[in-house]
Amino acid sequence: MSFVLAIDQGTTSSRAMVFRSDISIAAVAQQEFPQHFPASGWVEHEPEDIWTSTVMTCRDALEKAGLAAKDIAAIGITNQRETTVVWDRATGQAVHRAIVWQDRRTADICAKLKAEGHEPDVSARTGLIIDPYFSGTKVAWILDHVPGARERAERGELLFGTVDCYLLWRLTGGRVHATDATNASRTLLFNIHTGQWDDTLLKLLRVPRSMLPEVKDSSADFGTTTPDLFGGPIKVAGIAGDQQAATIGQACFTPGMMKSTYGTGCFALLNTGATPVKSNNKLLTTIAYQLNGIRTYALEGSIFVAGSAVQWLRDGLGIIKHAAETGPLADKSDSMQSVYLVPAFVGLGAPYWNPRVRGALFGLTRNTGPAELAHATLESVCYQTYDLWAAMRADWPDASAATIVLRVDGGMTASDWTMQRLADLLDAPVDRPMIQETTALGAAYLAGLNAGVYPEPEKFADNWRLEHRFRPAMSAATRQRKLAGWARAVKGVLASDEGE
């Protein structure tokens, strides 16, 4: 058994990939599923859609690879983080749609907690800030708004889990209720210093401990699938949240290594080693991975809108038919125009953390057209990455002693235009790897490590291969002018916040 099956459950689709022992890809399957937007700022998924699409893609990938369950050494799971599911322990029936990480409905709960002065203590325990992004307030909302849910939870009848936990519970036929440290660290309920669920936080958010899963290493024995799913049992041996899995897939095992993933949003992680680094620039302190009971930490910056801004160009404005058209269109833009898009469609993430502001375009003229809008959209992702980059360099103690090279992955990195502009604005090299499926690869590696298919991290890192290095080519004067314009645009958006 030299094959590993990776489940990559994302915000808009579920994917399954079969990896060989040399980390080459044997098969890929993908299935999209709908998102639901019942109110402004609300984003939901049907848990059954998540489950069904996951099982179907796994079966499809196995069929494409010509493999059976007996050929698979282990399954690794990576998932959209923070997305929250609450279900009945006895029936497996979800009591509410999954509340997605992008969802902002708990902004008022968060504002109240902040006003009561809880954020410093919460941040010290979790490494996070109080924000609707994280799972804790989503759980509280479900318990308070679904009739009878709180009473059922207090009687021990309901379970909570992030998507990995929910899938594991279903895959194992309800026998295993567990997660890993990376996903637990995104809930606002987990103490990243003790590695335990925190009773003070549970009391603050009124979440019964009986709802919570067991927390394990990222590479561990998570049980086996029921035989009926794939024609035989397969052990589940690795779990990590999508951004941590990408960090592993990018082989960022050394402190000071940084990766940025461009999907629906953009997420940058900087490995800080065995010591959690407290940010002075509104970054998050999180767990990068946990192996053999040892936690490795990271600084993280989260941008809510990246690839979804390109989807807006396609679906909202209709100026492109396919995402791949965006770069060539942007290349035709008028260089004399300075158009800035601040894509705060669901608020702003790091380092601003304002859930109330909304997006805006600046610098429009009568001559502004589709090319300029495409240019501004792609550039907005680069500017937001610059904000994270600058904050990480300020927070990381060794930044002055070493140049951080950024490793990138995700759908948007296929755009040479965007990656070159990113290198220009960062004034630093940007490395795109040969294997772009780094998130799935990270999940596969964790499972394969436990199953004996893959070697220890240091040796695994030797397999990382560079596809292209983008080097900065923009003049310092142009760079500073463009960054100053971006700063003014963000300031304008933040000034529009009336605190309502």
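Each Cβ is built from the backbone N, Cα and C atoms, and glycine gets one as well.
Fair warning: this is a prediction, and the values are worked out from it, not measured in the lab.
Swiss-Prot names ARG81, GLU82, ASP242, GLN243 for binding glycerol. Of TYR133, TYR289, TYR297, the residue it gives for the same site is TYR133.
Sn-glycerol 3-phosphate is bound by ARG81, GLU82, TYR133, ASP242 in Swiss-Prot, and the record lists one more residue there from THR11, THR12, THR194, THR296, which is THR11. When the binding-site residues ARG81, TYR133, ASP242, GLN243, GLN311 are compared by Cα distance to ARG15 (ADP binding site), the shortest distance belongs to ASP242. It is THR264 that, of the binding-site residues THR12, THR264, has its Cβ surrounded by the most other Cβ atoms within 10 Å. Sitting within 8 Å of the Cβ centre of THR11, ARG15, THR264, GLY307, GLY411, and not among those site residues for ADP, are the Cβ atoms of GLY10, THR12, SER13, GLY263, GLY410. Its Cβ taken as reference, GLN311 (ATP binding site) is surrounded by 14 other Cβ atoms within 10 Å in the chains shown. Comment: ATP site residues THR11, THR12, SER13, THR264, GLY307, GLN311, GLY411; largest CA to CA distance 14 Å, whole number. The shortest Cα-Cα distance from SER13 (ATP binding site) to any of the binding-site residues (ARG81, GLU82, ASP242, THR264, GLY307) is found for THR264. Local packing around the binding-site residues GLY307, GLY411 was summarised as the count of other Cβ atoms within 10 Å of each Cβ; on this measure the leading residue is GLY307. Separation of the C-alpha atoms of GLN243 (glycerol binding site) and GLN311 (ATP binding site): 21 Å, rounded to the nearest whole number.
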